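According to TrEMBL, the GTP 1 binding site annotation covers 13-20, 60-64, 123-126. Among the features that TrEMBL reports, GTP 2 binding site is placed at 192-199, 239-243, 303-306. Sequence annotations record features per position, and here TrEMBL assigns compositional bias 'Basic and acidic residues' to 482-504. TrEMBL lists 186-363 with the feature domain 'EngA-type G'. Look at TrEMBL and you will find 451-510 tagged as region 'Disordered'.
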Amino acid sequence: MEIQNTKIVAIVGRPNVGKSALFNRLAGKNIAIVHDRPGVTRDRLIASCRKAEPPFDIMDTGGIGETIEDDFNLQVKAEATLALDVADVILFVVDGFQGVTPVDLELAKTLRQSTKPLILVVNKMDSEKRKQHGSEFSKLGFKEIHETSAAHGHGITELIATVGKHLNSVPAKATRPPRTATAPPLKLAIIGRPNAGKSSLVNALIGDQRTIVSDIAGTTRDSIDIPYEHDGKAYTLIDTAGLRRKAKIHDAVETFSAQQATRSIKRADLCVLLVDASGMTMQDRKVAQIVVELQKPCIIVLNKFDLYHPGAKLKDRKEELLETARREFFFMPHAPMIPISAKEGQYLDKIFNAVERVHHGAQNPPGTGALNRILHKVIDTSPAALGRTGKSFNLLYASFIKEDNPAPIPVPHIVLFANRVDKLQDSFLRHLESVLRKTWPAEGIPMRWSIRGKGKKKDLETMPAKRSRKDITGEEPPPKMMVDRREARRKHAASDRPGRPDYRKNRKPR
């Protein structure tokens, strides 16, 4: 989440002591993934605790203190160390069920060297039996000890009060430069399959190692909101976990990560679909299909352009890559495509140029009159596409439907009022959209179409009843004639005339 307050409280501790559960409890919403497995949290997560007065920001960190010094643990430790540097108050969380461990003792020794206010939080104290053994944590050497149960909410109110008391004595400081943009930030969700380079792109854009980057697929687990400002305009970059095929997911943590990523797509104003240009796969198209189904504005970023035929000319490489990408994502012809290299920092400004084009096009649709002139001209000049007959589709007029709460990048909803709408083919509707896009620069924006009028079953109940001959002239109509086919075939067989029998000569009243 975006940093909104000037004071920060960092949550630190060894893995699997309940830091993320405490983070969610203080934030009042499920932001961090909570699981019994150690080491689930890797990146720093930030949210606002509005239960306090005044509110403050809380920062969740990955577990530190483990003896395994692999690449992940080193980066997680660096993230936690950075959190300690910027925090005003530190919450040291321990596991009340397991008791004091050697790792807790080492961490306590390190934390006591800090001059910042320290509060020991003994978590998982959700029974009287556990509370009886709470005194053993006094050996860690902290003056203030709070027993809590983040899972059940016990002791949270008292903890917030203690944190607020310490923050009131800490002078306020700016955690980041004040935002000069006045408009609310656009939320950009960075999505894609695992190991496409999403975290590398986020770090390259903001110019900082904000998220952990690794060659191992699935490094990012939580969706991370990062505030960013470009040319005086505010954005919120949402780094998401990679989306894999459901059949390939056998892990509960990855399931939660995929669910978070899907929720991030839904709440985003625009999706930045990141694709590995060195090898596009079926999963890239499946992720794109999620965006299409949710009807979200989207741009496609082709990452690792520096690895795509590096020996060829730049112009030829770009043309071939764009042609290949258009074939792969044929169902998204409206999405702009941008080749970049996040690792080398090449062509990153073009991403925000495309975002602004999409934003500007969505905010400036044509008027109703211009829309009708465009569509009528297409229909009048394309009779063959309609299969034009005397009873073919007939457009009366078209209009935009205005939403009650329009999004920052609204998806246009066009309704067609017509006669015999059942004669309208989907292929011709796509033709209408393609011609409309040439006149209206609606890059990256999907279009919603609705059709209303005669010829649809749902509209038949509102149509006026047909008037009969008796209603018009006052006379009874002549009886309908019924053909006796058996008698016609018998007479035809007795005659010498070849061919089919003439049924019209054997009609009689019903």
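Note that Cβ sites are derived from N, Cα and C of the backbone, with glycine treated the same way.
Curation does not apply to TrEMBL; its annotations are automatic.
Give me the lay of the land around each of these features.
Residue density at Met125 (GTP 1 binding site): 24 other Cβ atoms are found within 10 A of its Cβ, drawing on all protein chains shown.
Under 8 Å, Cβ to Cβ, and six or more positions away along its own chain, Phe305 (GTP 2 binding site) finds Ala277, Arg317, Lys318, Leu321, Pro339, Ile340, Ser341, Gln346, Tyr347. Under DSSP, Phe305 (GTP 2 binding site) is assigned to a helix (H, G or I) in the three-state scheme.
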Nearest to Gly192 (GTP 2 binding site) by Cα, among Gly13, Lys19, Thr61, Met125 (binding-site residues)?
Thr61
May I ask you to report the DSSP-based helix, strand or coil state of Lys198 (GTP 2 binding site)?
helix
Out of Gly13, Lys19, Thr61, Met125, point to the one nearest Thr240 (GTP 2 binding site) in space (Cα versus Cα); all of them are binding-site residues in the record.
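Among Gly13, Lys19, Thr61, Met125, Thr61.
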For Asn195 (GTP 2 binding site) and Thr61 (GTP 1 binding site), determine the Cα separation and express it in whole Å.
22
